[in-house]
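Participant: Sending over a structure as structure tokens; questions will come in a sec.
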Amino acid sequence: MGKVHVFDHPLIQHKMSYIRDANTGTKEFRELVDEVGMLMAYEVTRDLELQDVEIETPVTKTTAKRLSGKKLAFVPILRAGLGMTQGILSLIPAARVGHVGLYRDPETLEAVEYFVKLPQDIEEREIVVVDPMLATGASAIEAINSLKNRGAKNIRFMCLIAALEGVEKLQEAHPDVDIFIAALDEKLNDKAYITPGLGDAGDRLFGTK
């Protein structure tokens, strides 16, 4: 079973308090999501493999550490996942970025795929799927299904806020996927919004309703 990592870093929790706050405007909300995305990417990549390399400093030759093994790709779920991407890329600018477009059917609450664009070597990469919210789990499950159907094998999921129900459903559908969360909330309301949550992440990021 994949592990669930809930980050308790003080900087992440401080910024999350403003992200949740209904009085936080679009500009500040966007900047905060960007910053938390970068902080989370630092933690999500903590166990990447390193190899020894010989380098020469201005003083002498020495052995240093550099990343080895599989290369990274981040896959935001459109559209809200885009809000976390720039912060991630500011930390890992060489990472590839794919996109999976999904919308939630208002009647069934099921995720419907409408767009997929991935790096050609997706099966050779460490994949981190990115979405601010993990509510019912439907979007995350469908996005990971889509990736696996195209050959991806090493997948992680990263979000700002998750409901326990969504975590359980994602684990059931994809027990091989580790989940990384900035905050774990108790429940969903009757409209399948995370409670207390932060509202609609996409609307707050892009100033729409």
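Just so it is clear, glycine is given a Cβ too, placed from its N, Cα and C backbone atoms.
Pulled the feature table from Swiss-Prot, pasting it below:
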BINDING   ARG79, ARG104, ASP131, PRO132, MET133, LEU134, ALA135, THR136, GLY137, ALA138, SER139, ASP200  5-phospho-alpha-D-ribose 1-diphosphate binding site
BINDING   ILE194, GLY199, ASP200, ALA201  uracil binding site
Participant: Let me know how many other Cβ atoms fall within 10 Å of the Cβ of ASP131 (5-phospho-alpha-D-ribose 1-diphosphate binding site).
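Facilitator: Step by step: centre on the Cβ of ASP131 (5-phospho-alpha-D-ribose 1-diphosphate binding site), count other Cβ atoms within 10 Å, giving 27.
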Participant: Between the Cα atoms of ALA201 (uracil binding site) and ARG79 (5-phospho-alpha-D-ribose 1-diphosphate binding site), what distance do you get, rounded to the nearest Å?
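Facilitator: Rounded to the nearest whole number, the Cα-Cα distance is 9 Å.
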Participant: For the uracil site given as ILE194, GLY199, ASP200, ALA201, which other residues of the same chain have their Cβ within 8 Å of the site's Cβ centre?
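Facilitator: Apart from ILE194, GLY199, ASP200, ALA201, the close residues are PRO132, MET133, ILE161, TYR193, GLY197, LEU198, GLY202, ASP203, ARG204.
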Participant: C-alpha of GLY199 (uracil binding site) to C-alpha of ASP131 (5-phospho-alpha-D-ribose 1-diphosphate binding site): distance in Å?
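Facilitator: Here the two Cα atoms lie 14 Å apart.
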Participant: Which ones are near ILE194 (uracil binding site): of the binding-site residues MET133, ALA135, GLY137, which have a Cα within 10 Å?
Facilitator: MET133, ALA135
